[in-house]
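K.L.:
What follows is a structure written as structure tokens; I'll ask about it next.
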Amino acid sequence: MTSSVRLAFLATLLLLLPLEAQIQQANSANVNQNVGQQDTGTLFTGTGTNLYYGVNLVPFGPEVGDQEVNPGLLTAGQTIDLHMYFPFYGGLYNYSTLSVNGYIGFATVLDQGPTLNVGPDMTDWPRHEDPAMIAPYLCKQQIPQNLNPGMRSGVFYRLMMRQSLFGRQTGSNMNMGQATYQSSFFGQSASKACPGTPDSYVRCDSQADYFLEEMQRWLIEGVAGAAAFRADAALVVTWYNTASAISGRSDIDSGQLATYQAIWLTDRTARLSYVILNYDRLGFDAADFRQNSRSGRCQALFNGGNHTGLVPVDPTQDFKNTPKVLAQRSGVPQMVRGRYMFRVDDVVRPAGCSNKTGGTYPMLIYPNIVNMLGEMTVDVNAICLDKSQTYILMIEQRQTATCTVLTSAIARCNLPKIFDWGTKTVYFQPQSGGANDEKAFVGYIYFVPPTLDPMRLDIGNVYDWFKNPLPYTTMPLVWYPRNFTNPEMTQHMDQVRMNDDTLYSTQLGLYVIAYREYKDDTIKKFRPEHRVICRLATYSNRNTYEYRWKPQEERINLYQVEQWYMNDWERQNDLYHYRFGYLKLAPLKTNQEQNPQQLLSGLVSSPISLHFLWTSNNPQFATTTYSQQDESARTEYVKKKSLEMCHDWYDEDGAQWNFIRDTETNSSCPCIERQAIADIGRFMPHPRCSQAFRDITCTTSIGSRNCYMSSQNVMTTYAGDGRQYNENLARFPTHYGQVCCYDDQGHLMQTSYQPVIKVTPEVPYNPGFPMRAYEFGTAPYMGQYEVPGLSAFHNDYMPYFLCCKFADFRCQMFYWRRPSSGCQEYQPPAYGEVMGAGTFNTIDNDKFIFNEPGVYNGLYIPHTLSTPEVKVQIRMERYPNRRVDFSLLGRYMAQQDLVQPTNATVVTGVVLEATGTDRVHVVARKDTRRFRYRTSIIVGNILRYFDTMRIQRFKGVMIYVNNVERGQPEIYVVLEEAQIGIRVRESYAIDIDRLSEYQESMGILNIAVSVPPQYGVRPDGDKTREQEIRQRYNLPRVSGVFRPFPDQSSGSYLNTLTLNDVNSETYRQQIINMYRVQGSGEPGSDQNINNQGNNYGMPTENMFTTSRDEDKKFEVFPEAQMKSGPIFKTSPKYETGAYRFYPMTGQVLNQRLQTCRDMQQNTNINMQPLQSQLTGEYGQTQCPDNPSSIIQDCGDSVPCLYDYYNFNAKLLGLNVKNEWNTFTSDRFDASRQYNSCGVINIEYPEYLMKTSSMSSAYLQGDVARFECFQSHWIYGVHEYKCGIVVDRNQRNIIDPRDYRFEWNKGEQPWCRSREKQNFLTWLAIIGGIFGVLVFVILIFLCCWIVKQKKKGEAAERRGYDMASRSSMTGSRGGKKYPIHESEPLNEKRFDADTYRDDDFYPPAREEQYAARNEDLHGLKTSV
């Protein structure tokens, strides 16, 4: 009776199946409703709330549009077209191979033996295949052929794509938020498929849009940062009721079957990619029978292929014991069992949560680039969370962050302020600490300054905020609403879901935070202060569907303040102590008014000027309308206050240490731009003013073609008493920085000339100036001058705007405090490069071509008291023969023959470190992996990305990327303390997108090295006094492949590169024995162990395959494998025997080129069949395709001849020719010693101009002429020439060491207006005339006085004579002549003044005549 009842029930059930399918199609409200409602104990298909699908599977099968893998291709796999590119593990794939063996593959899988082996540790690639694959359950399986009538089995697949990919509006015919899934796709013909996709497994209708939306909701629930991902396509593959490869009917009947699913999602740009794995049930552990798991063990993994790396789905001990545990556990326990999520686009990162306790498990943190100001939140995927416990995020060397459990897979942690720039290792653990075993979860967060934060608040054009008047009364404000959640709802996440739109409904306040560095009397120090001064506006965070990925755009009313947090007195006084500030958008708090200085987590903007707030509280500007007069009044008020603040800054800065002595002495600017380009270790392109980097938003130096700044804090040394001239003291960092700007001629621009050149504000002449606060900050990034970006704005940038932009006629005051460098103390670096196929120009100017595979010590500098230890290693590999046709694989060619090496080696990787720094690897990516990134930058075993931040700072290392060309092909690495820098260019930084014959770049690295002069390396290569100088100044021995002969002079520094320098045995073995790391060459090349290199302490560690102790915890990260192995790995067949490497010398190269050219151009060769056959074989193996073109295109360029011949690529040959010519020319200019007189200090620049205004006026031989405008006259010495001045001692003997370069002496030029000059001229004329008159009068007076004096003297003498005569008359009875007579011919003239005596009267006129006649006739008179 019981059996008959069972049969009746089964028959009824079978009859209800079609009806149930119709119900399922008509009402799909129950589809996926088990999410978050997992039935207890439900482990198998058909026993949950859905009759057909498991509790965790998406709908599959023919009724939803799936196609089934062809039974004849189940084992080998059926290849399908994806119709767009999907990224996976660094590669891009538009196809996939689906196999019954539980994988989605992208290459042929070697399936011999019981176990499918993949990955670096299990395969012998390239001798055997190592395919890339997504393997939910990799082991040998089968589709049972003899199933009972009630059971189905197969591998199903479909491709879901958005309608918008085909020009249709997404969601135009669907109701989001409701379950409208309809299974009406079955039987669709190819003609009705998506446009351009003839396969019927492709869906691009409303059902596909709905499915992709559902997958996004799943990802948001389980993956940190998935809210930023928008799925546009998905590949769904379902393995339904597969059985073990070795299984019988009894095994199948007993339920030893497996059902699982893989969903691979990507966006339309193929940038992001996620995989969701669903395990419904797993009935076997291996491809064995009778539940035996000793053979053909099943694996769940992601393999990058070609030894790129392997990531297991579950790296726990439970999985090793039994892989079936995947169906019982989950990476998202809050959703359903058996579900795991991964991000797989570039490197596979596990998402969701894990139950791993010991060892190391990488956390997924979003965002992992965080503003150092803190007060932000990050989402963390780590351990599977329990809401009853408290979890913390421990930050290396900093305080912990409190975390809130959002779901069982995601925790949200509130970060404090972390004043640091660089990577901090973080650990995620329960609060109970040592009471638990969860110590495995390790991650990293990169803290950045606010000026470089890629997630900063978008406030429009930042430079509009620094204009007076502001160009607009409102400014834009843009943010993504999904970055904010309701702070009240986050405390009750057990009641809401992550994809609930109400979670993102909140009120946001826009706050102004002012910054200054002030004296804190409590700690007796100056420290930074961040003060919330007001709230400008309040906005509602939009949470509707369209704002999931669409940004919210609002406007900021600049002259309206919603709430002040300063009283009236503070607004009138303290507000002007804050030179600048920034905006922060954060959710409102209920008690915001009681504690306004504490804000919730939010987004901050770039620094802005606060001058728009100066008039917001002023009553004279409190008008309801805005007019032109109001704008002018505001502008004048800002000018007035800026003038006061400029003077305050001038006085404040003048009271501080004169840092110019440090910047000019220890970081003097390069004299010409080519020196700045070559000096990689000390100077770098300015992040906002560089033509080469295509960023010229430099408002403080408009007019300069390129600006460069010191790539580290200015290093200085002890300068006190007791220092000897030959002492080489240790250097220590300051908090200063140097900025050098160059004009279009490559000459330095000078601040002293700015007032005489910049006639109007629009004249493009704004030189660079040194900075008291280095823009990139100073470790430990905590105190005054040390906050990156903010300290620079407070001490340097904002004073420039106050004095030079806002106030009038105060720019010279600023430049008095910030004078530019005159390059008088600059010494050029030693500069070398390796390019192409091993063409070297060393740092001491030796030139040669060296080829030999292996890892070499490129540069080694031992540690001294004054310099750190520096280690640079390069990896050279044999370049593959690109004439190999990959399409022959599997027919005429084996896997090991795909990579056939040539006899030319290229650099494929470089690694460097110094004392106390992180270890940095820059390696080229493998073939077929260079689509998005052409190189990999690995710091401390962690792969770093430079998509949003092209300047990144690590421990003692600065790395920046020129992202003009796609794929980060140009990387700069600077060791800060050592001041040694390298430049890495992949494939000459060619724009591969424009080359139709190349699908990806070539994988060749060019390495340029710059060594500063403190190491004693002469750039000209003269080593005559090398030993003497090294001993006298205690200099280290600099050696390596970039300086292979430090103790001997090769003489090649005086010559150019010739064919005799190509793999010459005179230096080959010396380089190999001295600098190659043991064990890194080809097999058999290290038979004779040579310790010659160890005599000088050369490193023996291979830094590509080893890790430092502090980095070993990250060795489990998949990128650790990317740096270890070669990128052009060959099979052992090509490393021994006739295929092993042998160097080609210049003579052999020349002979083969001549032979091949003769074979190409000699028509008689083809006339003899036997000779034609022999020459054909020779030409195929030894000749390039067009040898005559090589000789013609290359000419006498040896690097071009060598690379063109070996690579058989004209593009590479011509590029190395151009690179070599450019390098030699630039090196000659960069290594010269330029003599500088500095600049002429102009103190009174009114109406003065320089002729020619932009010409160089600081180098030896330069002439500077100054003139006045036509309204003024010039005075002083107005022509100067820079020349050498030799000092002579007292014996007039010239000392050749005692000289200097100076301008000629003279009074400074100055101008006087013509009106004033005319006035003074007329005044001088009038004064002259008046002076002449006065002079004449004075002369007359002098003469009159003299005359009167003489008259007086005459009168006295006459009175004496009269007295004498009177006495003589009285004694003798009279004179010779009577008194009334005179001497003959000397008639005495009548003088009234003479005869004033009352007793004497002159005689009558007649008596006088009578007397005269008497005298004439009576005396003997002689005339």
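Each Cβ is built from the backbone N, Cα and C atoms, and glycine gets one as well.
As listed in Swiss-Prot for this protein:
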- 1-28: signal peptide (SIGNAL)
- 29-1321: topological domain 'Extracellular' (TOPO_DOM)
- Asn94: N-linked glycosylation site (CARBOHYD)
- 184-347: domain 'NIDO' (DOMAIN)
- Asn306: N-linked glycosylation site (CARBOHYD)
- Asn355: N-linked glycosylation site (CARBOHYD)
- Asn483: N-linked glycosylation site (CARBOHYD)
- 638-818: domain 'AMOP' (DOMAIN)
- Asn666: N-linked glycosylation site (CARBOHYD)
- Asn903: N-linked glycosylation site (CARBOHYD)
- 1322-1342: transmembrane segment (TRANSMEM)
- 1343-1423: topological domain 'Cytoplasmic' (TOPO_DOM)
K.L.:
Using the alpha carbons only, what distance in Å do you get between Asn666 (N-linked glycosylation site) and Asn483 (N-linked glycosylation site) once rounded?
P.N.:
45
K.L.:
Who are the long-range neighbours of the transmembrane segment (1322-1342) in its own chain, taking Cβ under 8 Å and residues 6 or more past its ends?
P.N.:
none
K.L.:
Work out how many Å separate Asn483 (N-linked glycosylation site) and Asn355 (N-linked glycosylation site) at their Cα atoms, rounded off.
P.N.:
29
K.L.:
Quick check on the glycosylation sites Asn306, Asn355, Asn483, Asn666, Asn903: which one has the highest count of other Cβ atoms within 10 Å of its Cβ?
P.N.:
Asn306
K.L.:
According to DSSP, does Asn483 (N-linked glycosylation site) fall in a helix, a strand, or coil?
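P.N.:
DSSP call for Asn483 (N-linked glycosylation site): helix.
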K.L.:
Quick one: what's DSSP say for Asn94 (N-linked glycosylation site), helix, strand or coil?
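P.N.:
Note: Asn94 (N-linked glycosylation site) is in a strand by DSSP.
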K.L.:
Taking just the CA atoms, what is the gap between Asn94 (N-linked glycosylation site) and Asn355 (N-linked glycosylation site) in Å?
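P.N.:
Roughly 34 Å, rounded to the nearest whole number.
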K.L.:
Where does Asn903 (N-linked glycosylation site) sit in DSSP terms: helix, strand, or coil?
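P.N.:
Asn903 (N-linked glycosylation site) sits in a strand per DSSP.
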K.L.:
Give me the Cα-Cα distance between Asn355 (N-linked glycosylation site) and Asn306 (N-linked glycosylation site), rounded to a whole Å.
P.N.:
30
K.L.:
Cα-Cα separation of Asn903 (N-linked glycosylation site) and Asn306 (N-linked glycosylation site), in Å?
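P.N.:
Given the Cα positions, Asn903 (N-linked glycosylation site) is 22 Å from Asn306 (N-linked glycosylation site).
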K.L.:
Averaged over the whole of the topological domain 'Cytoplasmic' (1343-1423), what is the pLDDT?
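P.N.:
That stretch averages a pLDDT of 55.
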K.L.:
Please give me the CB contact count at 10 A for Asn94 (N-linked glycosylation site), counting all chains in the structure.
P.N.:
11
K.L.:
Taking DSSP as the reference, which of helix, strand or coil describes Asn666 (N-linked glycosylation site)?
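P.N.:
In three-state terms, Asn666 (N-linked glycosylation site) counts as helix.
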